[in-house]
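As annotated by Swiss-Prot, ATP binding site applies to Lys554. Swiss-Prot lists 879-945 with the feature coiled coil, giving sequence analysis as the kind of evidence. Residues or ranges marked as motif ''HIGH' region' by Swiss-Prot: 40-50. Sequence annotations record features per position, and here Swiss-Prot assigns motif ''KMSKS' region' to 551-555.
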Amino acid sequence: MDKTYQPHAIETSWYQTWESENYFAPQGVGDSYTIMIPPPNVTGSLHMGHGFNNAIMDALIRFRRMQGRNTLWQPGTDHAGIATQMLVERRLEAQGVSRHELGREKFLDKIWEWKAESGGNISRQIRRLGSSVDWSRERFTMDDGLSEAVKEAFVRLHEDGLIYRGKRLVNWDTKLHTAISDLEVENHDEKGHLWNLRYPLADGAKTAEGLDYLIVATTRPETMLGDAAVAVNPEDERYKALIGKFVELPLVGRRIPIIADDYCDPEFGTGCVKITPAHDFNDYEVGKRHNLPLLNIFDKNANVLPAAQVFNLDGTLNESVDGSLPAAYAGLDRFEARKQIVAAFDAAGLLVSVDDHALKVPKGDRSGTIIEPWLTDQWYVSTKPLAEPAIAAVEDGRIAFVPKQYENMYFSWMRDIQDWCISRQLWWGHRIPAWYDESGKVYVGRDEAEVRAKNNLGPEVALQQDNDVLDTWFSSGLWTFSTLGWPEKTKALKTFHSTDVLVTGFDIIFFWVARMIMLTMHLVKNEDGTPQVPFKTVYVHGLVRDGQGQKMSKSKGNVLDPLDIVDGIDLETLVEKRTSGLMQPQLAKKIEKQTRQEFADGIASYGTDALRFTFCSLASTGRDIKFDMGRVEGYRNFCNKIWNAARYVLDKGEDCGQNGEAVELSLADRWIISQLQRTEAEVTRQLDQFRFDLAAQALYEFIWNQYCDWYLELSKPVLWDETAPVERQRGTRRTLVRVLEVALRLAHPFMPFITEEIWQRLAPLAGAQGKTIMLQPWPVANEARIDQAAEDDIEWLKGLMLAVRNIRGEMNIGPGKPLQLFLKNVSAEDQRRLSENDYLLKKLAKLESMTVLTEGAEAPLSATALVGDMEVLVPMAGLIDKGAELARLDKEIQRLQGEVQRVGGKLSNAAFVDKAPPEVIAKERAKLTEAEQALGKLAEQHARIASL
């Protein structure tokens, strides 16, 4: 084996071997265990969230595969409608071409070209992370089989009365010219205004105060062109007498009614609210309650129309309401119209005041443009009938959320679910399987031929397919079963569905998880007709944030690419990567400065195993995952530790009883075997409960602290002792080999590469059969091998050795200097342990002699420590220069006193505490505590040496 562990050298070659040997495919025996990869965007690249997700899924799949389950981890990518279309449009714009100039077919060809060019990027990255997915089953949400499944799902839902077309208010993205869902809208806190406008009362009506007008407050004066009413609270005494009367709409001249509705807050503004049902979601609900007309005043760009389109609530045209609008505003953009309308109100003496007002401004998460509530024809899924069984499946335990608290988030959304708008005005995606004849009548079918046959339409009837495509989340919602061949009753569908676990971030519980449950339960049935669930467990993890707890985003400049941690990246390339392609180029300088400070030497190459182990160790039940590069470095050291231990074991491991020769187990052998049983049980228990952090912790503790730090040291005196029986030496060699081999199997789901590399060399010595560690059996604890007596004895031994080690450290005595040891207050049990382990203790603690003091006997002046009730004494004569040691301690104490004074002064300075960021203050406080503790220890040491 190489002297040092070089991850690069082994990772790519092992992955190729595993893939070419087909180890990732289901083995065809045992109960099935299935995970579907949440499909990343085909044209994107993996971020830290994906890296985390993959580490967790692969740990589960490798664990279950070793347990003998018939595992399928199926990969695939998502066509990601809006994101991909925007990306390709931007590329074309850079060449001076728009999609409209190209036309639909040619534009789609361009997207497929781009997919072919960049689609392999994701697959390459997934491979680099060591993910053991079955590549032979890779799927894409727009491939032929999935397109058929999407059409089938749409048609069946339509036939069941669960998909309908209707004119409703939607979130309209005026830049992308498509409807988007509530979940794709981000609300931004901004400072805005509240305009107070006068609306004259009609027919000579007066308020209780004798005024002939009402004052309405609005944050969107431009929408007054589409007002259908003014609402007041039914209990508001000021306006009770006016309910049912009319106002004259300024600038337009339309008479609109005064209505009573609980939506109005009498305390807000004047208590009068303008109601624009076609341009505000709350007003739309008021309009439904009062059967108000819907006046749409904007086109798809949110420019004012020459005349309002007036509709009834059922989407039919309303011809009884006059939709005339002032010609002056026709064609104006909504914000320009706002300026001119406010100016017109002011000129007419109808602008009362303009107040500052905090707003929540809705913006599209992709385009960043302000969303316009807009009346348009769209396709909808009726979700309430689908939500009921989906809620029941979680309530009765057919689906479990881990951690359980996420069930509440799921329930609260599902119980208040709105119908789902599934049509998008895009070109890239699954085109809606609906056709229109010339009169506008709509027909739904799997293809045009089926539509014609089903509805007896001859060739003389011209049909035009709907131009819209389906929301990406519709096809993603079918992911667990469409990828297994549904609607055909395939063997794969029967074997691997329902799947076992979905691993996902909490941010897409609504987007994806809920919709998968609803669609799967409606469309996929068991043989007895009962609904299948898509998965039995939803493991929900938090968002991966940076070390300061900030969300990782391009604009913050704190994004890390998991492969840069695996392979390393130099500083200049990292700066270039973080500052190019910014939406806000003005941030580049700040991001560059921050990157140069944080990664002055770039990022070292840590290898996949260290990164994966970091992800697993961070997978707690919390909402957020704070990613810390220090942890990756720590786990890279852990890899080195395992590598060095393996080199020692391979060097010492020959003649370890491979052929059944007699062995004798030492106390240390029995102890480490006992500890191994406990670790096997603990790692298995924690993986069963999805506590990857606790499983990783148990493994780390066993390998680093017990096996490497203690057992390897305890093995040396046995192997060095020329007088030791050959059976005992063979027993220790066998234990070294076999315990490491089992530990490698336990670590394999977390660290696949290093464990495979070492296992290949160790397997012959351990008597292990098979070509790969991947398909070795998962270790199962044997309670009969738990040896409490050996554990107690070794704990005592460790206590004594640590006591001697601490005295050396405190008194500044070199580790190689032989010591005399006196022991006082020694019990019979202590005496037994001393005599049985005399050779071991003298060798490892570097002791010249050990003397048990009889009662009343005194040791020379000594440094002391306690092991239980037993006193450990090391005489100091000739070991230290008392004067020099006190002078050294005085100097160190003086330095620390200065540090305490400096940091304490800083923290008691109000100006510093008020202005410094919380993380800086926390750092300073930690510094102060550390210095104070060190000072206390040095003072004790000083007193002890002074008393010698």
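Easy rule for this one: first residue shown is 1, then count along the chain.
Each residue, glycine too, has its Cβ placed from N, Cα and C.
Sequence-distant contacts of the motif ''HIGH' region' (40-50) (same chain, at least 6 residues past either end, Cβ-Cβ under 8 Å): 77-80, 83-84, 87, 114-115, 118-119, 121-122, 125-126, 129, 140, 505, 543-544, 552, 559-563, 627. Residue counts for the motif ''HIGH' region' (40-50) under DSSP, helix first, then strand, then coil, are 3 helix, 1 strand, 7 coil. In the predicted model, the motif ''KMSKS' region' (551-555) has a mean pLDDT of 74.
Here the motif ''KMSKS' region' (551-555) is broken down by DSSP into helix, strand and coil counts: 0 helix, 1 strand, 4 coil.
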